[in-house]
Structures are given as structure tokens and as C-alpha cells.
Amino acid sequence: MGLSGLLPILVPFILLGDIQEPGHAEGILGKPCPKIKVECEVEEIDQCTKPRDCPENMKCCPFSRGKKCLDFRKIYAVCHRRLAPAWPPYHTGGTIKKTKICSEFIYGGSQGNNNNFQTEAICLVTCKKYH
């Protein structure tokens with residue numbers, strides 16, 4: 001079997017591999033992931049590794065220092081800094097959703113939401129992108 005015989009077999013694999021690259025899939029599957037570069041102190045646990053890991057209307061995107069399921073119908077604008085490790089996880093953070101400034105608050109919980117960041121500086125960089 002020469003090169004011409006192998007080509008029809010290889011073309012579908014080449015095309016599928018190209019579509020699965022993040023840059024190509026984003027254009028096909030809807031809105032692209034936010035392109036916000038931030039320097040984080042601690043690696044975060046990924047919520048997802050591929051789009052099917054996320055609930056309907058959400059997309060698996062690199063966000064802050066891990067991969068998160070993001071809902072593009074919402075604006076991500078809440079920040080936090082970790083106060084205590086592990087259990088119970090109490091966080092301090094702020095919101096700019098209404099006032100468009102970061103204000104501190106303390107909350108506890110095991111998972112929180114996608115609107116959280118390790119420092120106020122990271123929050124401000126991220127939130128500035130959306131306002």
C-alpha cells in the first residue's frame with residue numbers, strides 16, 4: 001500500500017485532531033474561554049478536564065490557576081483569599097458586581113464557586129477585563 005492508499009485513512013484522524021485543539025474547538029463550539037493571564041501562588045484543583053465534565057450551558061476553561069466549568073451567561077467578578085487551609089475552608093473576598101469595586105467579606109464552604117481568586121490583585125486584573 002503506497003502513500004496514496006494510506007492518505008484516505010489518515011485524513012479523518014488529522015482533521016479530528018486539528019478540531020480538538022482548543023483554538024479550533026472554541027470557534028466551533030461557541031464563545032472562547034476568557035484569555036486572562038494571572039500569576040497565582042497556589043495550584044488549584046481542576047473542576048473539569050474536558051467539556052463533557054461540565055453541566056449543560058457551561059464550558060471547561062482554564063481560569064485563575066485551574067480548569068473550571070464557566071457559565072458564559074454570568075459575569076465572573078467575585079474574589080477571595082484563602083484564610084485557612086483544608087477544613088473548614090473560610091475565605092475572604094469581595095464583589096464588584098454591583099459597586100464595581102472589590103469589598104471584603106468572609107464566607108465558608110467546601111467548594112465555593114468559579115468567581116474566586118487567590119488574591120485581590122488577581123481579582124482586579126480578571127474583573128477589569130469584564131467591566
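Cβ atoms are placed via backbone N, Cα and C, with glycine included.
Bond annotation: of C48, C54, C60, C61, only C61 is listed by Swiss-Prot as forming a disulfide with C33. For C54, the disulfide partner named by Swiss-Prot among C69, C79 is C69. Of the listed cysteines (C48, C79), only C48 is recorded by Swiss-Prot as the disulfide partner of C60.
The disulfide-bonded residues C33, C54, C61 differ in how many other CB atoms lie within 10 Å of their CB, and the one with the most is C61. Within 10 Å of the C-beta of C60 (disulfide bond) we count 20 further C-beta atoms, all protein chains included.
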